[in-house]
Amino acid sequence: MAEVAPAPPPVAAPAKAAKKKASKPKKSGPSVGELIVKTVAASKERGGVSAAALKKALAAGGYDVDKNKARVRTAIKSLLTKGTLVHTKGTGASGSFKMSTQESSSQEACCCCCQEVS
């Protein structure tokens with residue numbers, strides 16, 4: 001029998017250089033959450049602003065709501081969990097919203113200790 005030479009180890013392919021992805025320029029301007037807060041704060045409605053009216057106002061301001069539906073929903077939900085917005089009707093990202101009154105009530109509670117005693 002003839003001896004068979006062992007097979008040479010397989011040659012590894014040279015590593016490809018990693019392609020650098022072109023970073024997209026960060027868009028300037030206010031975030032969706034800031035736009036929502038401005039819209040709700042500007043509203044004088046006693047019952048708050050509905051989600052549909054909020055989307056119409058964002059669209060009128062030049063924001064593409066149809067393309068960014070998910071961003072609008074997540075921004076509304078995050079503002080609700082932070083306590084910036086409060087539900088007046090509905091649940092989740094639907095219904096009506098108005099600004100929270102917690103910031104102003106904390107300032108009112110402070111007034112009694114700040115007054116000078118004569």
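Just so it is clear, glycine is given a Cβ too, placed from its N, Cα and C backbone atoms.
Worth saying up front: this structure is predicted, and the values here are computed from it rather than measured.
According to TrEMBL, the features are:
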COMPBIAS  1-12  compositional bias 'Pro residues'
COMPBIAS  17-27  compositional bias 'Basic residues'
DOMAIN    28-101  domain 'H15'
REGION    1-31  region 'Disordered'
Helix, strand and coil totals (DSSP H, G, I; E, B; other) for the compositional bias 'Basic residues' (17-27): 0 helix, 0 strand, 11 coil
For the domain 'H15' (28-101), mean pLDDT (0 to 100): 92
Counts by DSSP class (helix H/G/I, strand E/B, coil) across the domain 'H15' (28-101): 35 helix, 11 strand, 28 coil
